[in-house]
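S.K.: Quick one: the structure is below, and I'll ask about it shortly.
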Amino acid sequence: MTGSVPADPLQRAVDALRRGGIVAVPTETVYGLAADATDGQAVARVFEAKGRPQFNPLIVHVADRAMADQIAAFDALSAALADRFWPGPLTLVLPLKEDTAIHPLVTAGLTTVALRMPQGPALEVMSKLQRPIAAPSANTSGRISPTSAQAVHDDLGTKLDFILDGGPTQVGLESTIVKVEGGTIRLLRPGGITAEEIEKAVGQTVTSAGARPAIEAPGMLASHYAPAAAVRLEAEALQPGEALLAFGNSRIAGADAALAVRNLSPSGDLREAAANLYAHLQALDRCGAGMIAVETIPHHGLGVAINDRLSRAAAPRGK
Ligand code: TXA
Ligand code: MG
């Protein structure tokens, strides 16, 4: 059972998060690798620490329903599920509100957000922080999710600002993810709450994802963000009428005549670049250019994930 934690370490976790740090916090399911969900650079550090090959959208954790309502729009069925199962291991995929403070890196630029109110120390942390936290499981990508502070320490120890020890987690596997679509409940990921429990609570059948992938990764969704403008990579010179997505100490020819320029990180910091990626692409798209030319971005560290997203945006738009 996830125990309570003394006030002192709890406050350290809160302070570290407030400073933009990344902190392992116990939920009732698994230990999460938490960052302030409104802080793009902190969220970028989460992806970096996990070594995620690409920017999968993260679950946003909230302290209460009021916080959830500022982030997402609840249909009646989703509201009933939240009333019944929160706090607890149920994640709801919901339409993202437009004026939300959630950083676009958290949702991978999607128009939906995965939300849950957890049990355990993570909830206490957010109540004090008064902000939502983005938290994937606190493990290196491809490894097993951690259910103890020691497991987190063995895997990610040196990469984190703090590990909040709440003892072994109660549930030990990740939350169930569902999405209400046209009045039906679709199971996107089985987890801590069974389909039967959900069916019993709301008197409605839960449909499995069926032939569709168990998890809708951003690259598979039709709604995945791609700019209206075309995108070309590794640009060495700018053509008239193009917008420029620059990186580092940019010296690209023809940049003076660009319709608009945004630099992902003038100092060449990939973490900063990751945090800026979606917002900069969106800003360049709004300037109305037909083509966004992208300077070469180093293909290491977070650059691999950035290039993965950019190459999806630059891929031929078949459909
Ligand atoms: O129990 C849990 O859910 C743990 C604890 C820490 O809360 N968290 C967790 O997060 O498992 P993570 O990042 O490992 O898994 C999140 C899953 C991903 O598979 C992602 O594809 C899916 O949620 N997801 C996130 N946003 C989504 C969205 N808008 N639509 C569909 N799936 C989404
Ligand atoms: Mg995980």
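A Cβ is built for glycine as well, from the same backbone N, Cα and C atoms used for every other residue.
All annotation found in TrEMBL is predicted automatically rather than curated by experts.
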S.K.: With T29, H61, A135, S175 listed by TrEMBL as L-threonine-binding, which of these, R12, R84, R116, is given for the same site?
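M.R.: Same L-threonine site in TrEMBL: R116.
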S.K.: Using C-alpha positions only, work out which of the binding-site residues T29, H61, A135, S175 is nearest to S145 (ATP binding site).
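M.R.: So, of the listed binding-site residues, the one sitting closest to S145 (ATP binding site) is T29.
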S.K.: If you check the binding-site residues N56, T112, S137 one by one, which have a CB less than 6 Å away from any atom of ligand 2?
M.R.: S137
S.K.: Where N56 (ATP binding site) and A135 (L-threonine binding site) are concerned, what is their Cα separation in Å, rounded?
M.R.: 12
S.K.: Whole-number Å distance between the CA of H61 (L-threonine binding site) and the CA of S137 (ATP binding site)?
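M.R.: The separation of the Cα atoms works out to 12 Å.
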S.K.: To the nearest Å, how far is the Cα of T29 (L-threonine binding site) from the Cα of S137 (ATP binding site)?
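M.R.: That separation, Cα to Cα, works out to 9 Å.
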S.K.: Within 10 Å of R189 (ATP binding site), Cα to Cα, which of the binding-site residues R116, A135, S175 are there?
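M.R.: If one measures from the Cα of R189 (ATP binding site), the binding-site residues that come within 10 Å are S175.
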S.K.: If we check Cα distances from S175 (L-threonine binding site), which of the binding-site residues R52, T112, S137 wins as closest?
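M.R.: Minimum Cα distance from S175 (L-threonine binding site) across R52, T112, S137 lands on S137.
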